[in-house]
Amino acid sequence: MSKLFDRLFNAIDKTAEAGVRQTAQRHGRRSFLAKAGMAMVGTMALPLLPFDRSLGGLALAATAGDSDDENSCEYWRHCALDGNLCSTSGGTLTSCPPGSEASKVAWVGTCRNPNDGKDYLVSYNDCCGRAQVASATFCFRSERERPGYRMGLHNDINWCMANTNKGYHCTVSVVVGMADA
Ligand code: ABN
(Lines of atoms letter the chains of each structure in order from A and count residues from 1; the text may use other names and numbers.)
(Lines give C-alpha, C1' and ligand atoms only; values in the text may rest on other atoms or scores of the structure.)
Protein backbone atom coordinates (compact mmCIF):
# COMPACT_ATOMS: atom_id res chain seq x y z
CA MET A 1 0.00 0.00 0.00
CA SER A 2 2.76 2.43 0.96
CA LYS A 3 4.52 1.70 -2.36
CA LEU A 4 1.39 2.66 -4.19
CA PHE A 5 1.35 6.03 -2.34
CA ASP A 6 5.06 6.54 -3.06
CA ARG A 7 4.44 6.07 -6.76
CA LEU A 8 1.43 8.37 -6.70
CA PHE A 9 3.35 11.17 -4.91
CA ASN A 10 6.29 10.71 -7.28
CA ALA A 11 3.99 11.13 -10.23
CA ILE A 12 2.46 14.31 -8.69
CA ASP A 13 5.96 15.69 -7.96
CA LYS A 14 7.11 15.08 -11.53
CA THR A 15 4.03 16.69 -13.04
CA ALA A 16 4.37 19.75 -10.80
CA GLU A 17 8.09 20.07 -11.54
CA ALA A 18 7.49 19.81 -15.29
CA GLY A 19 4.84 22.55 -15.04
CA VAL A 20 7.12 24.90 -13.10
CA ARG A 21 10.00 24.32 -15.55
CA GLN A 22 7.76 24.99 -18.52
CA THR A 23 6.47 28.25 -16.97
CA ALA A 24 10.02 29.37 -16.12
CA GLN A 25 11.10 28.74 -19.74
CA ARG A 26 8.15 30.62 -21.20
CA HIS A 27 8.37 33.65 -18.90
CA GLY A 28 11.85 34.98 -18.29
CA ARG A 29 12.95 36.38 -14.93
CA ARG A 30 13.13 39.89 -16.39
CA SER A 31 9.57 39.91 -17.58
CA PHE A 32 8.46 38.62 -14.16
CA LEU A 33 10.39 41.38 -12.36
CA ALA A 34 9.00 44.04 -14.70
CA LYS A 35 5.43 42.89 -14.11
CA ALA A 36 5.91 42.57 -10.34
CA GLY A 37 7.45 46.08 -10.28
CA MET A 38 4.49 47.54 -12.17
CA ALA A 39 2.06 45.88 -9.79
CA MET A 40 3.94 47.25 -6.76
CA VAL A 41 4.06 50.81 -8.13
CA GLY A 42 0.34 50.64 -8.99
CA THR A 43 -0.55 49.42 -5.52
CA MET A 44 1.53 52.14 -3.86
CA ALA A 45 -0.07 54.87 -5.99
CA LEU A 46 -3.64 53.79 -5.21
CA PRO A 47 -4.04 55.70 -1.91
CA LEU A 48 -2.82 58.89 -3.64
CA LEU A 49 -5.58 58.90 -6.21
CA PRO A 50 -8.60 61.16 -5.63
CA PHE A 51 -11.62 59.23 -4.53
CA ASP A 52 -15.29 59.70 -5.28
CA ARG A 53 -17.31 60.41 -2.16
CA SER A 54 -20.50 61.07 -4.06
CA LEU A 55 -21.65 57.44 -3.80
CA GLY A 56 -21.95 57.47 -7.58
CA GLY A 57 -24.64 60.15 -7.43
CA LEU A 58 -26.84 57.99 -5.18
CA ALA A 59 -27.03 60.56 -2.39
CA LEU A 60 -27.99 63.32 -4.81
CA ALA A 61 -30.50 61.20 -6.65
CA ALA A 62 -32.15 60.28 -3.38
CA THR A 63 -32.57 63.91 -2.37
CA ALA A 64 -33.12 65.60 -5.71
CA GLY A 65 -35.52 68.51 -5.38
CA ASP A 66 -36.19 72.15 -6.08
CA SER A 67 -33.28 74.60 -6.32
CA ASP A 68 -35.53 77.30 -4.78
CA ASP A 69 -36.71 75.20 -1.85
CA GLU A 70 -34.32 75.74 1.07
CA ASN A 71 -35.43 72.44 2.63
CA SER A 72 -34.12 70.58 -0.43
CA CYS A 73 -30.48 69.53 -0.88
CA GLU A 74 -30.76 70.97 -4.40
CA TYR A 75 -31.26 74.51 -3.05
CA TRP A 76 -28.47 76.61 -4.59
CA ARG A 77 -26.97 77.79 -1.28
CA HIS A 78 -26.41 74.19 -0.18
CA CYS A 79 -23.97 73.50 -3.06
CA ALA A 80 -20.99 72.74 -0.78
CA LEU A 81 -22.88 71.47 2.27
CA ASP A 82 -22.14 68.17 3.99
CA GLY A 83 -24.55 67.62 6.88
CA ASN A 84 -28.12 67.95 8.17
CA LEU A 85 -30.19 70.93 7.06
CA CYS A 86 -30.98 73.08 10.13
CA SER A 87 -34.20 74.20 8.42
CA THR A 88 -35.42 70.61 8.79
CA SER A 89 -34.07 70.24 12.29
CA GLY A 90 -35.89 72.94 14.29
CA GLY A 91 -33.90 75.93 12.98
CA THR A 92 -33.90 77.91 9.74
CA LEU A 93 -31.69 78.33 6.67
CA THR A 94 -29.46 80.76 8.59
CA SER A 95 -30.14 80.14 12.29
CA CYS A 96 -29.39 77.29 14.66
CA PRO A 97 -32.24 75.47 16.42
CA PRO A 98 -32.90 76.49 20.06
CA GLY A 99 -30.51 74.76 22.44
CA SER A 100 -27.62 74.69 19.92
CA GLU A 101 -25.01 77.30 19.01
CA ALA A 102 -23.16 78.17 15.79
CA SER A 103 -19.66 76.74 15.32
CA LYS A 104 -16.77 79.15 15.77
CA VAL A 105 -15.08 77.85 12.60
CA ALA A 106 -16.77 77.00 9.30
CA TRP A 107 -16.32 75.78 5.74
CA VAL A 108 -16.89 78.42 3.04
CA GLY A 109 -18.08 77.36 -0.40
CA THR A 110 -18.81 79.20 -3.64
CA CYS A 111 -22.29 78.68 -5.06
CA ARG A 112 -24.01 80.09 -8.14
CA ASN A 113 -27.42 81.64 -7.61
CA PRO A 114 -29.48 80.45 -10.60
CA ASN A 115 -31.77 83.49 -10.23
CA ASP A 116 -29.08 86.09 -11.08
CA GLY A 117 -26.26 83.86 -12.44
CA LYS A 118 -23.79 85.28 -9.89
CA ASP A 119 -21.40 83.41 -7.57
CA TYR A 120 -21.69 83.88 -3.80
CA LEU A 121 -19.54 82.88 -0.84
CA VAL A 122 -21.59 80.72 1.51
CA SER A 123 -20.47 79.94 5.06
CA TYR A 124 -21.50 76.51 6.32
CA ASN A 125 -21.54 76.76 10.10
CA ASP A 126 -22.36 73.67 12.07
CA CYS A 127 -24.79 74.03 14.98
CA CYS A 128 -23.41 72.42 18.10
CA GLY A 129 -24.57 71.16 21.45
CA ARG A 130 -27.64 69.07 20.64
CA ALA A 131 -28.06 65.49 19.50
CA GLN A 132 -28.91 64.99 15.81
CA VAL A 133 -32.51 64.19 14.94
CA ALA A 134 -33.36 61.30 12.64
CA SER A 135 -36.01 63.34 10.78
CA ALA A 136 -33.48 65.97 9.58
CA THR A 137 -32.64 66.00 5.87
CA PHE A 138 -29.03 64.96 5.31
CA CYS A 139 -27.29 66.51 2.29
CA PHE A 140 -23.96 65.64 0.75
CA ARG A 141 -23.03 67.98 -2.09
CA SER A 142 -19.62 69.35 -1.12
CA GLU A 143 -18.99 70.94 -4.53
CA ARG A 144 -15.33 71.93 -5.09
CA GLU A 145 -14.30 70.05 -1.97
CA ARG A 146 -11.01 68.15 -2.15
CA PRO A 147 -10.08 64.81 -0.55
CA GLY A 148 -8.89 64.52 3.06
CA TYR A 149 -5.18 64.72 2.26
CA ARG A 150 -5.76 68.30 0.95
CA MET A 151 -6.33 69.60 4.48
CA GLY A 152 -8.09 72.95 4.47
CA LEU A 153 -9.96 72.07 1.28
CA HIS A 154 -11.75 69.14 2.88
CA ASN A 155 -15.32 69.49 4.14
CA ASP A 156 -16.10 66.25 5.94
CA ILE A 157 -15.21 67.78 9.29
CA ASN A 158 -17.10 68.49 12.50
CA TRP A 159 -16.79 72.28 12.69
CA CYS A 160 -17.99 72.16 16.32
CA MET A 161 -14.42 71.15 17.23
CA ALA A 162 -13.56 74.69 18.41
CA ASN A 163 -16.70 75.06 20.53
CA THR A 164 -17.01 74.03 24.16
CA ASN A 165 -19.80 71.66 23.27
CA LYS A 166 -18.54 69.66 20.29
CA GLY A 167 -21.67 67.62 19.58
CA TYR A 168 -22.79 68.14 15.95
CA HIS A 169 -26.47 68.86 15.29
CA CYS A 170 -26.99 70.48 11.84
CA THR A 171 -25.53 72.97 9.34
CA VAL A 172 -26.72 76.44 8.25
CA SER A 173 -25.96 78.07 4.87
CA VAL A 174 -25.22 81.80 5.31
CA VAL A 175 -24.33 84.04 2.34
CA VAL A 176 -21.31 86.09 3.45
CA GLY A 177 -20.44 87.91 0.23
CA MET A 178 -20.01 87.78 -3.51
CA ALA A 179 -17.23 85.77 -5.07
CA ASP A 180 -14.71 87.73 -7.21
CA ALA A 181 -15.63 87.77 -10.88
N1 ABN B 1 -19.74 69.60 8.95
C2 ABN B 1 -20.63 68.53 9.09
C3 ABN B 1 -20.02 67.31 9.71
C4 ABN B 1 -20.18 67.08 11.05
C5 ABN B 1 -19.62 65.96 11.62
C6 ABN B 1 -18.86 65.11 10.85
C7 ABN B 1 -18.71 65.35 9.48
C8 ABN B 1 -19.29 66.47 8.91
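Backbone N, Cα and C define each Cβ position, glycine as well.
What TrEMBL says about a protein is an automatic prediction, not a curated fact.
Since this is a predicted model, take the numbers as computed values, not measurements.
Same-site candidate for substrate binding, as annotated by TrEMBL with Asn155, Asp156, Ile157, chosen from Asp68, Asp69, Asp82, Asp116: Asp82. In the three-state DSSP scheme, Thr171 (site 'Transition state stabilizer') is classed as strand. Among the recorded positions Asp82, Asp126, Asn155, Asp156, residues whose Cβ is positioned under 6 Å from ligand 1 are identified as Asp82, Asp126, Asp156.
A straight line from the CA of Asp156 (substrate binding site) to the CA of Thr171 (site 'Transition state stabilizer') spans 12 Å.
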